[in-house]
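A quick write-up on the structure given underneath.
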Amino acid sequence: MRTLWIMAVLLLGVEGNLLQFRKMIKKMTGKEPILSYATYGCNCGMAGVGQPVDGTDRCCFVHNCCYEKVTSCSPKWDQYIYSWENGNIVCGEKNPCKKQICECDKAAAMCFRDNVKTYKKRNIFYPKSSCTEPTDTC
C-alpha cells in the first residue's frame, strides 16, 4: 500500500510522459492506472522481473522492453505530442525519440485494452517473491 501511495504522490506532480501514459490507459480501459496496474503481476510498476503472470502482465513486459530500446531521451519523463482520432491514439511527435516513447505507450495502452479479459484483481499487489522464473529476453 505504501508503494501505491508513493506512486500516486509522485504522479500528482508529473506533467511528462507518465501522466500522458496514465491518460491513454484510462481512456482505453476505463481503469484507473495507478490503482489497477502500478503493482500488477511481475512486470507492471517500478521493477519488472520474472515471467508474466497473464496477458495483462505481458503488456507491461513488452512496454518495459520498448522503453529499454529508447536510448536518446528519457521515456518516463519526456513529454510528447499525441491526439485522439475516432477513439485511436495518434502519435504526432516530430522528434523521433519522443515519437518512439509515444508509440511504446500507445502499444501498451492498446495491449491493456485487448487483454482486459485476462485482468484479475488477485494480481494487484502480486508478491514479487513469487516472480522467480527467469525473465524472457526482450
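The backbone N, Cα and C atoms fix where each Cβ goes, glycine too.
Since this is a predicted model, take the numbers as computed values, not measurements.
Taken from Swiss-Prot, the feature disulfide bond covers C42-C131, C44-C60, C59-C111, C65-C138, C66-C104, C73-C97, C91-C102, and the record attributes it to similarity to another entry. Feature annotation from Swiss-Prot assigns signal peptide to 1-16; the stated evidence is experimental evidence.
Feature annotations (Swiss-Prot) mapped to structure.
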residue: C42; record: disulfide bond; DSSP class: coil
residue: C59; record: disulfide bond; DSSP class: helix
residue: C66; record: disulfide bond; DSSP class: helix
residue: C73; record: disulfide bond; DSSP class: coil
residue: C91; record: disulfide bond; DSSP class: strand
residue: C97; record: disulfide bond; DSSP class: helix
residue: C102; record: disulfide bond; DSSP class: helix
residue: C131; record: disulfide bond; DSSP class: coil
I'd like the number of other C-beta atoms within 10 A of the C-beta of C44 (disulfide bond), please.
27
Looking at the disulfide-bonded residues C91, C131, C138, which one has the fewest other Cβ atoms within 10 Å of its own Cβ?
C138
Cα proximity to C73 (disulfide bond), best match among disulfide-bonded residues C59, C104, C131:
C104
Would you mind checking how many other C-beta atoms are within 10 angstroms of the C-beta on C65 (disulfide bond)?
16
Inter-residue Cα distance where the pair is C104 (disulfide bond) and C60 (disulfide bond), in Å:
10
When a 10 Å sphere is centred on the Cβ of C60 (disulfide bond), how many other Cβ atoms does it contain?
21
Sort the disulfide-bonded residues C44, C111, C138 by C-alpha distance from C131 (disulfide bond) and give me just the closest.
C44
